[in-house]
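**Student:** TrEMBL lists Gly103, Gly104, Asn105, Pro106, Arg125 with the feature substrate binding site. The feature Mg(2+) binding site is assigned by TrEMBL to Asp126.
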Amino acid sequence: MLCLVNKSKAYDVCFTELTSNKMALVTTAEVCDANPQLLGSGELRALQPIFQIYGRRPVFSGPIVTLKVFEDNVLVREFLEEKGNGRVLVVDGGGSLRCAILGGNPVVQAQNNGWAGIVVNGCVRDVDEINGCDIGVRALASHPVKANKKGNGEKYVPVTMAGTRITNGEWLYADTDGILISRTELSV
């Protein structure tokens, strides 16, 4: 049995541990049920259910790194070339459905560099390649057109997507029920 404990509050939620080959099952529904006060205060927020699930890791979590771009993927690629150290890249792509700002090659690189996941308020492409990677990816949809390569965007800035403001350094927890954002780490 694994327990998530908010380091700044006196509450915890326990989850079942799977076999050693699989990651712990973090149930976002259980976290929400156990913490209505945190949902009410905004310390814990659920993203609107607008994202499709990609990649072989449907459950992932980690500290958030934020990025804001529009139809340009240069900064996305640059981030994913760095060591991820279990972080989650949250990319506000402005909700554009006109091109993909994340493709298979950067996702393979993210997997190899230790990123836990990527959440994109925009589109991805090379879906078969992404689905072969052991990483969690969420995006609005897939699109075959590639993004611009101008290098425009902002790093580490607050972003608003799926009805929620997300800041650099917060924590993201995702499973097949949805995505939660927490101001503080929920630790084992």
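Quick reminder: no glycine exception, Cβ is built from N, Cα and C everywhere.
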**Student:** Ten-angstrom check, please: count other Cβ atoms within 10 Å of the Cβ of Gly104 (substrate binding site), all chains counted.
**Tutor:** 18
**Student:** Which Cβ among the binding-site residues (Gly103, Pro106) has the fewest C-beta neighbours inside 10 Å?
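**Tutor:** Candidates: the binding-site residues Gly103, Pro106. Fewest Cβ atoms within 10 Å: Gly103.
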**Student:** Quick one, of the binding-site residues Asn105, Arg125, Asp126, which Cβ has the fewest other Cβ within 10 Å?
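**Tutor:** Comparing Cβ neighbours within 10 Å for the binding-site residues Asn105, Arg125, Asp126, Asn105 has the fewest.
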**Student:** Enumerate the residues of the same chain, Gly103, Gly104, Asn105, Pro106, Arg125 excluded, that satisfy the criterion Cβ within 8 A of the mean position of the Cβ atoms of the recorded substrate site; list them in sequence order.
**Tutor:** Ala100, Leu102, Val107, Val108, Val124, Asp126, Glu129, Ile130
**Student:** Given the substrate binding site residues Gly103, Gly104, Asn105, Pro106, Arg125 in the record, what is the largest Cα to Cα distance, rounded to whole Å?
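**Tutor:** Per the listed residues, the maximum Cα distance equals 11 Å.
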**Student:** Can you tell me the CA-to-CA distance separating Gly104 (substrate binding site) and Asp126 (Mg(2+) binding site), as a whole number of Å?
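**Tutor:** About 5 Å separate the Cα atoms of these two residues.
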